[in-house]
């Protein structure tokens, strides 16, 4: 173990030197200079985190100012900034770890995430908020294991798919029993733990990450098509079997039928977008965040962005996310060219995670999807979510960093 940590430390020093500026290729004989990390991707991540910090303060100031327990209108801003600092520090540590280590430890990471999900359900350990048992209190912060499970599924699904590629791409029965069934069993276990909290939104994200990774790994087409049908039927069954979820669907179909009951959140979200028009009412000038729109600084942050910055602000945020997802898939394609199959799948799975969760959150805010308890990645208030997002993007940056060095003759 000591030797492993020493190896990571030495590699970390190389990373630190490379981040200070351009370096020369191995030959060093008149070849062009190059940078060893993806600067545009890093700046897009910084831009999204900065937008999130500003908008969390804007959306939460009324809540913090009215709550005597917080003693400050900067309460949520300070907590979000501290969470962001911890997340960036964790991201830096993750960036220094070679991706082969993540692949080697993927099953253990996945198992640890399952244990944390199980601990949430234990009375006295799991913390109940708004009727859901999703958090573990650590004293200085509340840890939400479902957010860490998303990262665990990314590395585990990428590792599993890269190891089982021969079976996944083989005959139907071989692909089914040796490729699909083990992964399906793991996701069903995770789904049972998440639905027990309950956290249907996190389960939807985890299931899509796993399914999409199997698809990218070349799973038999008939199995994947059957999986889509089974997934759709299961989703409908979960909604119909829960009166709470049915109420959300009914409120989603016509929020104006009961604007003070089932459709309250969605109706006020739509009002916020309507007030924003093209360029918004200005930073800090939102009316809906003044106790009209619940969860304005978490699940419905995009509605506040729409009200204060209008269509232009929404288009900017969506454009940044779209570029980030495209870049993740591009890094995955570059990894595949280098025959780094785990890294390729992990990069694209991170892109799927960010893109799919953004799609659900923005769709809910716009009334295109039923209300879910999912935050907007990198922007919404929430320490565990920011931590998991920054760690995932650090892995993405590390994959790209290793690709660049390999293409120029370095070993990683």
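Note that Cβ sites are derived from N, Cα and C of the backbone, with glycine treated the same way.
Values in this document were obtained by computation on a predicted structure and should not be read as measured data.
Positions annotated as topological domain 'Cytoplasmic' by Swiss-Prot: 1-40 (among others). Looking only at the topological domain 'Cytoplasmic' (1-40), the predicted model's pLDDT averages out at 49.
Feature annotation from Swiss-Prot assigns topological domain 'Periplasmic' to 62-73 (among others); the stated evidence is sequence analysis.
Feature annotation from Swiss-Prot assigns topological domain 'Cytoplasmic' to 95-108 (among others).
Within the same chain, residues 120-121, 144-146, 197-199, 373 sit at least 6 positions outside the topological domain 'Periplasmic' (130-134) and bring their C-beta atoms closer than 8 Å to a C-beta of that stretch. Annotated topological domain 'Periplasmic' per Swiss-Prot: 130-134 (among others), in sequence order.
Sequence annotations record features per position, and here Swiss-Prot assigns topological domain 'Cytoplasmic' to 156-175 (among others).
Residue counts for the topological domain 'Periplasmic' (244-303) under DSSP (helix as H, G, I; strand as E, B; rest coil) come to 29 helix, 0 strand, 31 coil. Positions annotated as topological domain 'Periplasmic' by Swiss-Prot: 244-303 (among others).
The topological domain 'Cytoplasmic' annotation in Swiss-Prot covers 325-348 (among others), and the record cites sequence analysis as its basis. Tertiary neighbourhood of the topological domain 'Cytoplasmic' (325-348): same-chain residues 38, 40-41, 44, 99, 102-103, 154-155, 157-159, 161-162, 165, 212-213, 216-217, 354-355, 395-396, 399-400, 402-403, 406-407, selected by CB-CB distance under 8 Å and a gap of 6+ residues from either end.
Here Swiss-Prot flags 370-375 (among others) as topological domain 'Periplasmic'.
Feature annotation from Swiss-Prot assigns topological domain 'Cytoplasmic' to 397-412 (among others); the stated evidence is sequence analysis.
Remote same-chain partners of the transmembrane segment (41-61), defined as residues 6 or more beyond its termini with a Cβ less than 8 Å from a stretch Cβ, comprise 73-77, 80-81, 84, 283-284, 286, 289, 296-297, 301, 304-305, 308, 317, 320-321, 323-324, 327, 376, 378-381, 393, 396-397, 400. What Swiss-Prot lists as transmembrane segment is 41-61 (among others).
Positions annotated as transmembrane segment by Swiss-Prot: 74-94 (among others).
Within the chain, the transmembrane segment (109-129) has long-range Cβ neighbours (under 8 A, six or more residues past its boundaries) at 102, 135-137, 142-143, 145-146, 148-149, 151-153, 155-156, 186, 189-190, 193-194, 196-197. Residues or ranges marked as transmembrane segment in Swiss-Prot: 109-129 (among others).
Marked as transmembrane segment by Swiss-Prot on the basis of sequence analysis: 135-155 (among others).
According to Swiss-Prot, the transmembrane segment annotation covers 176-196 (among others).
Here Swiss-Prot flags 200-220 (among others) as transmembrane segment. Within its own chain, the transmembrane segment (200-220) is flanked in space by residues 146-147, 149-150, 153-154, 157-158, 161-162, 164-165, 168-172, 175-176, 179-180, 183, 186-187, 190-191, 194, 227-228, 231, 235, 238, 245, 332, 345, 348-349, 352-353, 356-357, 360, 372-374, which lie at least six positions past its ends and keep a Cβ under 8 Å from the stretch.
Residues or ranges marked as transmembrane segment by Swiss-Prot: 223-243 (among others).
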Residues in the topological domain 'Cytoplasmic' (397-412) grouped by DSSP into helix, strand and remaining coil: 11 helix, 0 strand, 5 coil
The topological domain 'Cytoplasmic' (325-348), counted residue by residue under DSSP: helix, strand, coil: 21 helix, 0 strand, 3 coil
Candidates 74-94, 135-155, 304-324; stretch with most C-beta pairs under 8 Å toward the transmembrane segment (376-396): 74-94
Same-chain residues near the topological domain 'Periplasmic' (370-375), Cβ under 8 Å, at least 6 residues beyond its ends: 132, 199-202, 204-205, 239, 245, 248-249, 251-252, 265-266, 298-299, 301, 357, 360-361, 364, 381-382, 385
Spatial neighbours of the transmembrane segment (223-243) far in sequence, C-beta under 8 Å, 6+ residues away: 172, 175-176, 179-180, 184, 195, 198, 200, 204, 207, 211, 214-215, 249, 370
